[in-house]
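What TrEMBL annotates here:
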- ILE9, GLY10, ALA11, GLY12, ASN13, MET14, ALA70, VAL71, LYS72, PRO73: NADP(+) binding site (BINDING)
- ASN57: NADPH binding site (BINDING)
- 5-99: domain 'Pyrroline-5-carboxylate reductase catalytic N-terminal' (DOMAIN)
- 165-270: domain 'Pyrroline-5-carboxylate reductase dimerisation' (DOMAIN)
Amino acid sequence: MSDKRICFIGAGNMSRSIISGLVNSGYSPQLIEASNPSTGKLQALQADFAIKVTTDNLAAAKAADVIVLAVKPQLMQQVCAALQSLDLSNKLLITIAAGISAARYSDSDYLAQPVKLIRTMPNTPMQIGTGMSGMFAPANINDEDKAICNLIMTSGGQAVWVEKEADLNLVIALAGSSPAYFFLFVEAMIKAATELGMEQQTARALAQQAALGAAKMLLENPQLSPQQLRQNVTSKGGTTHEAVETFIQGNLSGLVKQAMNNCIARAEAMAQEF
Ligand SMILES: NC(=O)C1=CN([C@@H]2O[C@H](COP(=O)(O)OP(=O)(O)OC[C@H]3O[C@@H](n4cnc5c(N)ncnc54)[C@H](O)[C@@H]3O)[C@@H](O)[C@H]2O)C=CC1
Ligand SMILES: O=C(O)[C@@H]1CCC=N1
């Protein structure tokens with residue numbers, strides 16, 4: 001385990017997920033600090049994980065070896081501007097913000113000095129050890145810095161390096177945003193079941209256990225394609241066929257492709273906007 005001091009600028013949903021992954025994997029809470037303007041989330045993080053907290057971004061960043069930039073993309077420029085007075089030359093920066101390119105944080109832009117910065121895209125399941133992250137390291141990042149980033153991003157799940165920065169936007173569409181797609185699907189199933197007369201709690205129990213079962217079937221049968229696993233559920237002339245045909249007739253795969261394209265397009269637009 002590393003002895004690097006890690007600070008999180010922004011203590012929202014995603015920071016909480018990463019901090020949870022870190023602490024649950026044995027990283028010393030004394031080496032972790034979170035900074036946020038309001039104190040509610042900080043108090044909850046302190047109570048749950050015994051990490052250090054502050055409302056002073058500059059002090060947290062100054063004391064840290066690794067600074068995780070975890071505010072909303074539209075606030076990133078102003079948050080970085082307030083860190084410009086620090087000497088960042090010996091620190092590793094990790095951004096988790098969607099859209100904003102690694103180059104924007106450089107000496108000619110947000111941080112106004114040369115920095116070592118890795119751009120990543122995690123997802124919230126990190127908080128329960130089942131996260132999936134993408135990471136992109138520009139050419140000036142050495143192996144030691146890559147190793148600490150890898151340690152942080154794998155503390156709550158899996159992580160992959162992408163060679164091309166543009167691939168991070170595909171990671172957003174596939175893994176960063178996609179937990180929401182699955183939640184939406186389960187939401188729709190529960191809604192339909194309750195409209196058909198089932199009690200909400202029972203409908204949720206059934207839908208979420210089926211989702212878990214399907215996810216584990218995928219994980220534990222790498223030799224079988226998702227299509228084959230689907231076919232194994234689908235009896236000829238049976239019930240599943242009717243349901244699956246309904247999705248196919250409704251062009252589910254076209255809709256998924258459109259949703260992922262829109263997700264990527266939004267990340268690209270955010271790169272211009274912020
Ligand atoms: N939520 C998700 O599933 C994922 C989010 N991300 C990225 O993570 C970043 C944060 O997203 P969330 O955690 O969802 O947002 P969030 O809104 O839950 O958290 C952002 C936090 O930043 C704080 N904040 C606002 N101004 C600040 C300032 N000046 N200094 C320090 N903190 C400040 C807010 O009070 C809030 O607690 C975004 O850039 C997003 O693109 C990346 C992957 C997944
Ligand atoms: O919705 C967003 O923009 C962020 C990035 C991926 C998940 N949440």
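The backbone N, Cα and C atoms fix where each Cβ goes, and this holds for glycine too.
Structure coloured by features recorded in TrEMBL.
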residue	record	DSSP class
ILE9	NADP(+) binding site	strand
ASN57	NADPH binding site	helix
ALA70	NADP(+) binding site	coil
Structural state census, the domain 'Pyrroline-5-carboxylate reductase dimerisation' (165-270) (DSSP three-state): 87 helix, 0 strand, 19 coil
Site extent for NADP(+), whole Å (max Cα pair distance, ILE9, GLY10, ALA11, GLY12, ASN13, MET14, ALA70, VAL71, LYS72, PRO73): 14
Count of other CB atoms lying within 10 Å of the CB belonging to ASN57 (NADPH binding site): 22
Cα-Cα distance linking ASN57 (NADPH binding site) and ALA11 (NADP(+) binding site), given in Å to the nearest integer: 11
Intrachain C-beta neighbours of ASN13 (NADP(+) binding site), sequence separation six or more, cut-off 8 angstroms: THR124
Separation of alpha carbons, LYS72 (NADP(+) binding site) and ASN57 (NADPH binding site) (Å): 15
Under 8 Å by Cβ from ALA70 (NADP(+) binding site), same chain, sequence gap 6 or more: PHE8, ILE9, GLY10, ALA11, GLY12, MET14, SER15, ILE18, ILE96, ALA97
